[in-house]
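Novice: Here it is: the structure, laid out below.
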Amino acid sequence: MKSLNLPYNPRLDQLRWLAVTIVFLFHYYHEYMRQGGVPQYNVLLAPVTEGHTGVGLFFALSGFLFMQIAQRQQHIVYRDFLRNRLLRIVPLFLVVFVLATSIGRDKFAPQDLLYVLATNLGLAPTSYTVVTGAAWSISVEFTFYLVFPFLARFALERGASYLLQLLGIMLFLKLAAYTANEKSTLMFFSTLVGRFDQFLIGMLGAFAVSRHAAQLRRHGAWLVPLAAALVYGNCVLQASVSRFDPASHDKFWIFWSMLEAFGWTCLIMCWVGWERRMPAVVERVLEHGGKISFSFYLLHMAALTVLANFIGLPHWTGSRVLDALLAFPLAYGATWAMSALSYHVIEQPFLRLRRSYGDKPAV
């Protein structure tokens, strides 16, 4: 998706595609198990079985991108920044929220309307069903938007050390929260206490790229695989030490989000800094996937649920695993098509209403 405040970098859309595809794989795997599939405990499949890590990539990428914009513009007009963010996420988010309240109409209470501001907390209508469950992260993301212009200003004035100091405070708050919450894993997974550091680490990545751009260009051929290995290693570590369990109380999750964001930010930095191109057709496909990634993210579980209930897992080979692998391209393609339609009908008309919130044009 093209910004009005920064020259277009297709690598960012490619990373958005990667993030949403990992999340899709994660939920496809769980839908496969609901259809009678055998759980896979091989740690080599950790990026799939722990594919919620794609959300961490989204958060780190947001911090990275907006800090790059702040570095270019030096001054962000708060009102216009929020206006653009609202135009970006609210139209489709409200569609999903209305869908959630419609599904849960028998449980609906007037005060549930306030959950439009906090879909990641309490008994939000969007959390009653997997169809709309992905909306939890939008409230986390938007809260970051509310404070980002201030964080960017202070970071530009004081340097990257300001963000490191904030990370120290976040770690202290996590330690305190861990002592007081019996289901700390879910708290760390879905609240600002557990996720805000991922935005900060992404912002630090923007500082690192501005300082080491030449080295990233020169050494990208080996830095990109190294960063990818780091991300993979983080997934394997989590699958080995502490799989995602909303009811658990594991100390690993105090530090998990920082480890996750560090790996993803390293990959963001190396991928954005590396100049080697992929085949043109591959780049176009991945860039389109990044462009529609918001619709893909919010609607993919609805698509999977429709496919599971009206078609189900096919019985083509007699092997549940092989059948799931063969059906994956069909499910992914159907979700892509629905997401592209959603982008063009719901998102794009509002995106055209955006305006620059800095002094320098994107080009």
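The backbone N, Cα and C atoms fix where each Cβ goes, glycine too.
Just so you know, TrEMBL annotations are computer predictions that nobody has curated.
Okay, so TrEMBL annotates it like this:
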type: DOMAIN; residues: 10-338; note: domain 'Acyltransferase 3'
type: TRANSMEM; residues: 12-29; note: transmembrane segment
type: TRANSMEM; residues: 41-66; note: transmembrane segment
type: TRANSMEM; residues: 86-105; note: transmembrane segment
type: TRANSMEM; residues: 125-148; note: transmembrane segment
type: TRANSMEM; residues: 160-180; note: transmembrane segment
type: TRANSMEM; residues: 186-209; note: transmembrane segment
type: TRANSMEM; residues: 221-241; note: transmembrane segment
type: TRANSMEM; residues: 253-274; note: transmembrane segment
type: TRANSMEM; residues: 294-313; note: transmembrane segment
type: TRANSMEM; residues: 325-346; note: transmembrane segment
Novice: Quick one: find which recorded stretch in 12-29, 86-105, 160-180, 294-313, 325-346 has the most Cβ pairs under 8 Å with the transmembrane segment (186-209).
Specialist: 160-180
Novice: Hey, would you say the transmembrane segment (294-313) packs against the transmembrane segment (125-148), going by three or more CB pairs under 8 A that are 6+ residues apart?
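Specialist: In this chain the transmembrane segment (294-313) contacts the transmembrane segment (125-148) - 3 or more Cβ pairs sit under 8 Å.
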Novice: I'd like to know the mean pLDDT over the domain 'Acyltransferase 3' (10-338).
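Specialist: On average, pLDDT over the domain 'Acyltransferase 3' (10-338) sits at 93.
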Novice: Between the transmembrane segment (325-346) and the transmembrane segment (41-66), do 3 or more CB pairs sit under 8 angstroms, pairs being 6 or more residues apart?
Specialist: no
Novice: Do any residues of this chain, six or more beyond the ends of the transmembrane segment (125-148), have a C-beta under 8 angstroms from a C-beta of it, and if so which?
Specialist: 23, 27, 55, 58-59, 62-63, 66, 81-82, 85, 89, 93, 96-97, 99-101, 103-104, 107-108, 112, 115, 117-119, 190-192, 195-196, 199, 297-298, 300-302, 305
Novice: Output the single range from 12-29, 253-274, 325-346 maximising the number of Cβ pairs under 8 Å to the transmembrane segment (160-180).
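Specialist: Comparing 12-29, 253-274, 325-346 against the transmembrane segment (160-180), the winner is 253-274.
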